[in-house]
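Undergrad: This is the structure, below, for whatever I ask next.
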Amino acid sequence: MEKLEVGQLAPDFRLKNSDGVEISLKDLLHKKVVLYFYPKDNTPGCTLEAKDFSALFSEFEKKNAVVVGISPDNAQSHQKFISQCSLNVILLCDEDKKAANLYKAYGKRMLYGKEHLGIIRSTFIINTQGVLEKCFYNVKAKGHAQKVLESL
């Protein structure tokens with residue numbers, strides 16, 4: 001599987017947030033960006049990961065980082081997810097999976113013993129110059145947010 005590499009310029013994107021406002025990577029680069037791709041709102045692993053990132057929100061802020069989650073869900077789904085789980089991370093809509101493809105976070109993966117196409121749970125730390133500092137592919141949701149925080 002092809003992957004992005006540390007030291008590369010992070011691919012720019014323009015996606016809508018849960019309020020329908022378009023946001024690009026460049027809009028976020030006043031801080032380090034923790035960009036995480038996840039498969040679907042309101043599913044067990046994705047909920048755990050989002051809640052963990054939200055619980056550590058102030059710790060990420062202390063390290064001058066903003067946390068942004070991206071999935072193929074629409075704005076309405078994100079709004080519901082944010083409300084139900086009391087999330088404080090930014091969620092962006094990648095319904096056509098263009099951003100996931102740019103970040104090599106969409107492709108073949110195993111689910112319940114079968115291979116299928118889908119979002120590959122991945123996280124990227126991007127510095128204020130837009131350069132990839134860390135790339136995590138095929139991550140497990142449990143404990144991942146803490147691991148990312150420790151990597152900053």
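The backbone N, Cα and C atoms fix where each Cβ goes, and this holds for glycine too.
Okay, these came from Swiss-Prot:
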ACT_SITE  Cys46  active site, cysteine sulfenic acid (-SOH) intermediate
DISULFID  Cys46-Cys85  disulfide bond
DOMAIN    4-152  domain 'Thioredoxin'
Undergrad: Which residue, of the recorded positions Cys46, Cys85, has its CB surrounded by the fewest other CB atoms within 10 A?
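TA: Comparing Cβ neighbour counts within 10 Å for the recorded positions Cys46, Cys85 gives Cys85.
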Undergrad: Counting by DSSP, what is the helix, strand and coil composition of the domain 'Thioredoxin' (4-152)?
TA: 46 helix, 48 strand, 55 coil
Undergrad: If I take every residue in the domain 'Thioredoxin' (4-152) and average their pLDDT values, what number comes out?
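TA: Mean pLDDT for the domain 'Thioredoxin' (4-152): 96.
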Undergrad: Just to verify a number: CA distance, the residue listed as 'active site, cysteine sulfenic acid (-SOH) intermediate' to Cys85 (disulfide bond), in angstrom, no decimals.
TA: 11
